[in-house]
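Okay, structure first, notes after.
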C-alpha cells in the first residue's frame, strides 16, 4: 500500500457516504417481506421498496431494468470464466448467469441469512460446481479475492441506499483489485449521494475507466468500471461480441446490448 493509498483512505473515513439504516443494525439483519401476486413475486424492504421481482411463469427472466443493464458487462467480457456478485436479493442475475452462461462459474456474497432462506421461494438453484452462494460480508468477499473475477456485479442496498461498507474508497479499491486485467465491474448506484460514489470510483479505477448510465424508467444509475482500457479503439463491435455469446443470451439481452452500445458511442 502506498502513501497515496493511505491518504485517500484517511480522507474517505473523514467524509463518509451517508450510512444506510441497516449499518447500525448489521448484527441483526432484518427479515425481508415477500409479496406474492398472480404474475410476480416481489422481495421488499420495510416501507414497500422492492429490491427484486420474479415473474411467476418465467422465474429466470431479468424483470427489473437495471439488472438487465448491469448484464451489459458481457459486452466487455463476453466469455467470463468467473462472475462475482455482491447481493443475492431474489437471485435474478445469479439465476440468469447460471442458466445461460454455461462456461462461467458464479460466486455470490449475501450478508442477510433471511434472504438466503428465500432461495427456494425465488427458485434460486442449489449450489453446485458452477454456483456458490455464501453468507458473507460483501466488502470482505472482494477483499479476499484479488485478481479473480472477469465480471463483478455489485448490487447491495436497502431502502435507505447503499451501505457505507459497500461505498468506501477501500471497497472500490478492493473491487478493482478483485478483477482480472481487462475485467469489468457493474454496480447499481441506488443513492442520493451519487456524486460521492462516482468520485470514489474514478479515484479507484481512473477517470477514463468509469462510465455512468442512467435508467430512464427508474431512479437507478449503473456504473461500469474497468481494470484496464475498455476498448483499444474506443468502439464496441457489437456483431463480433454477440457472436461470442450463447444465442439465448444474445437474444434475451439484444435490446440492452444495442442501447448500451449506442450510448457508449454517443458519450
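Every residue gets a Cβ built from N, Cα and C, even glycine.
Just so you know, TrEMBL annotations are computer predictions that nobody has curated.
According to TrEMBL, the active site, proton acceptor annotation covers 155. TrEMBL lists 1-12 with the feature compositional bias 'Basic and acidic residues'. The domain 'PABS' annotation in TrEMBL covers 86-188. Annotation source TrEMBL lists region 'Disordered' at 1-26.
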Secondary structure composition of the domain 'PABS' (86-188) [DSSP: H/G/I, E/B, coil]: 32 helix, 30 strand, 41 coil
Close in space, distant in sequence - residue 155 (active site, proton acceptor), Cβ under 8 Å, 6 or more apart: 67, 70, 85, 86, 87, 89, 93, 187, 188
Segment-level pLDDT (mean, integer) for the domain 'PABS' (86-188): 94
